[in-house]
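Participant: My questions all concern the structure below.
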Amino acid sequence: WLLPGSLSGASLAHRCHHRATAMLDVPFLPFCAFLGTLGLLCVAMVGTWCQHWRGGFSLDGSSRTFNWHPVLMVTGLVVLYGAAALVYRIPHTWSGPKLPWKVLHGSLALGAFVLTVLGLAAVFRFHNSQGTPNMYSLHSWMGLGTVLLFSCQWAAGFGAFLLPWAPSWLRALYKPIHVFFGSTILMLSVASCVSGINEKLFFSLKNGTMDYKLLPAEAVFANTLGLLILVFGVLVVGALARPSWKRPDSDSLDSRQ
């Protein structure tokens, strides 16, 4: 049995849900502006951390050489990669030729990959010059696995979407796989960066004037950086999953219009 009040209650709940959804309906371009500001803040904070607390930057194989590693990884593997992932969510990409946007997407991803490789070179140079073993921590395993997956993703995307002789059936088959691994690589990148920040704090503050557990200013600053990186990654993945921001299919009414 349904009471009359239950119908009005359901209608009220539906209206409240609709209003809440409308309030959360943020336009894409302001969202991108906020996300870009957040990404620049992450890059500025990791640079400030390495410059102010870790002694700056150098190429002499010392700890200052290592400082290039977090800066390049956050800039390339998180911020620039996130920008590449959102290219096809720009409304201007939904009409007209796709090739310029494909080139922009691939170029941003390639730039992110180059910065990532340079970041790996910095940490390997530091370890080798100091006699420190490579690839022994979970952070290093996860980070290298992410970079290898990223390289396979870029090569497969280049072959399937940019080379002219790739058949249409292959592109249609690979497209959902490419999209899935794009989000997966971004979240793995965020996890690698956050675990790397934590690992660096444990190593750096273990013999310092104030232990990590006492939360000195450096620990608070770096922990905040890790949270901002996590928020950035979650927002990018959320934007990629939002149905209203997805490019319409080529055979849909919206695309034809």
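We number each residue from 1, going along the chain as drawn.
Positions of Cβ are set from backbone N, Cα and C atoms, glycine also.
From a predicted model like this one, the values you see are computed outputs, not experimental measurements.
Below are the features listed in TrEMBL for this protein:
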| type | residues | note |
| --- | --- | --- |
| DOMAIN | 34-241 | domain 'Cytochrome b561' |
| TRANSMEM | 28-50 | transmembrane segment |
| TRANSMEM | 71-91 | transmembrane segment |
| TRANSMEM | 103-126 | transmembrane segment |
| TRANSMEM | 138-165 | transmembrane segment |
| TRANSMEM | 177-198 | transmembrane segment |
| TRANSMEM | 219-241 | transmembrane segment |
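Map the listed features onto the structure and describe their local environment.
Facilitator: Away from its own ends, the transmembrane segment (28-50) comes close to residues 56-57, 67, 70-71, 74-75, 78-79, 82-83, 86, 89-91, 218, 221-222, 224-225, 228-229, 231-232, 235-236, 239, 245 of its chain (Cβ-Cβ under 8 Å, at least six residues beyond either end).
Outside the transmembrane segment (71-91), and at least 6 residues removed from its termini, the chain residues within Cβ reach (under 8 Å) are 28, 32, 35-36, 39-40, 42-43, 46-47, 50, 57, 101, 104-105, 108-109, 111-116, 118-119, 122, 143, 146-147, 150, 182-183, 185-186, 189-190, 192-193, 196, 229, 232-233, 236, 239-240, 245-247.
Here the transmembrane segment (103-126) has Cβ contacts under 8 Å with residues 61-63, 65-73, 75-77, 80-81, 83-84, 87-88, 132, 134, 143-144, 147, 150-151, 154, 157-158, 161-162 of the same chain, all six or more residues outside its ends.
Below 8 angstroms of C-beta separation, residues 69-70, 73-74, 77-78, 81-82, 85, 138-139, 142-143, 145-146, 149-150, 153, 156-157, 160-161, 222-223, 225-226, 229-230, 232-233, 236-237, 240-241 of the same chain, each at least six residues beyond the ends of the transmembrane segment (177-198), sit close to that stretch.
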